[in-house]
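A.B. asks: If you scroll down you'll find the structure; I have some questions about it.
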Amino acid sequence: MTWKDRLPAVRGKLLRDEPLAPFTWFRVGGPADVIFLPEDEDDLAAFLKALPAEVPVTVLGVGSNTLVRDGGVDGVVIRLGKAFAKVEPRGEGRLYAGAAALDAVVAREAGKAGIAGLEFYRGVPGTIGGALVMNAGCYGAETKDVLVEAYALTRAGERLTLSNADLGYSYRKSARAAAEPLIFLGALFEGRPDDPAAIEARMAEITERREKTQPIREKTGGSTFKNPPGHSSWKLVDEAGWRGKLFGGAMFSPLHSNFLINTGEATAADLEGLGEAVRADVKAKFGVDLDWEIKRIGRP
């Protein structure tokens, strides 16, 4: 008997040996040992408390910034659903958003409530949970600029309230989330009052800019590499000659050369292999290290 045969009782759903490709924007990747779809926060907390400590736990949002390797993922993959996607104004320029709420929905609801400052989320793929993990942002704004506090569970199911400072944010990183496995439940944000029409106009500009410059309708995971200090990743990839080059079924987009795309039949190995080839070439030609922004998980 293995740990999979003695999983804790839950009110949500447990899926065994389920392919993860349909759960990611790249549409690649092997199966998870177990996928857990919790009914609510209490269901999730109880499950984590009862799950043997040696079982790995991975949280997967909408899979926008994640590359699941072809061998699949050990342990339990947690996928948060509608119960974790609530978005509601809290008064005084504040807004609560669940970890499963899409970033673009958070931007929209903030705008409708006359809360400015969260417009940048219109241009960020994925969910608030992922944004909290990596201090997601774009166009000169990022999560730490608007976060008041975040709510999370530890691997042991303990509830935490974490201030902005507690999370130790820097460029595309939370020191706290990097040091300790956290399952984010939601967060409280604070903006400033503004006219909803003016906010919507700014978000429309962001949408137009994205559609013109990014391959948002392709099978992609968003920005592939972080920008190194003093450099733009897209420019380094472009100048190294990788824009539009095929590697198996993988390619760096002709529209934006920091966007890795699945042209249709790519494997996770194709996508990661192309990324690593580009990293090596950029290092050799320019002496600059490109660090992955896309999270790569699982067995090769």
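Glycine too: its Cβ is placed from the backbone N, Cα and C atoms.
Among the features that Swiss-Prot reports, domain 'FAD-binding PCMH-type' is placed at 27-216, with the record citing sequence analysis. The active site annotation in Swiss-Prot covers ARG172, GLU293 and rests on sequence analysis. Look at Swiss-Prot and you will find SER223 tagged as active site, proton donor, backed by sequence analysis.
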A.B. asks: When DSSP is mapped onto helix/strand/coil, what comes out for the residue listed as 'active site, proton donor'?
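C.D. replies: Looking at the DSSP assignment, the residue listed as 'active site, proton donor' belongs to a strand.
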A.B. asks: Do you know offhand how many angstrom separate the residue listed as 'active site, proton donor' and GLU293 (active site) by C-alpha?
C.D. replies: 7
A.B. asks: Give the sequence-ordered list of residues that share a chain with ARG172 (active site), lie 6 or more positions from it, and have CB atoms under 8 Å from its CB.
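C.D. replies: In sequence order, the residues whose Cβ lies under 8 Å from that of ARG172 (active site) (at least 6 apart) are MET134, ASN135, ALA136, LYS226, GLU293.
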A.B. asks: Could you tell me which of these active-site residues, SER223, GLU293, has the greatest number of Cβ atoms within 10 Å of its own Cβ?
C.D. replies: SER223
